[in-house]
């Protein structure tokens, strides 16, 4: 399912309402029973959405094979996923995919956080169902204004699928500027929502891993979890079918639907 980002400008709130309704009808109920929800904090934080807005943020800490992940968001959408500790699992991806025991979590949980928790649970335990799950609306400030970084992250999210890889140069071409491979590296460092926006799938043309905010060991584990052996050179985007993004090479931001990024 495509992920819809609210467009800036006067139609911002209308777009958000459209996003919420778009993710709900016909979707399977969100089930967070298999992912550990440990803590919830409520506070009001000044987060730029529009110049006259603040977001009331909520946080959830969930357990994963990579250690604790903190997810944050407001009622309008997801703001971030943070990897705490940069843990590299002792077990391989297959062993780490066993269901986690739910330890609890109190209070109302915002829908974007529920959707994110369910998506992460499926990613680690049952990747085959990911295509049927809603991707939460995104409301981090980086998605509220036009920029090359926003364009790169959007292309990465929508075109480079589970089990695929893409080089920095290829991703730059997807975002409309084949000469901007270095800028793509900067966009990867700015990615506020790792794993869901899969910056771990961006590798060097030589096949080298490249850098990763969570550590190279974590990047290697994620790629192994997705079925791509570490050190295998990217050839047209990875070990699985790559038509999803190869056919989009040469497209630019002008090809995006109105109200979407």
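Any Cβ shown, glycine's included, is placed from N, Cα and C.
Cross-referencing 1-31, 32-62 with TrEMBL places the feature region 'Disordered' at 1-31. Region 'Disordered' is the annotation TrEMBL gives to one range among 196-228, 229-261, and that range is 229-261. Note: the domain 'Methylated-DNA-[protein]-cysteine S-methyltransferase DNA binding' (150-227) comprises 40 helix, 7 strand, 31 coil (DSSP; helix = H, G, I, strand = E, B).
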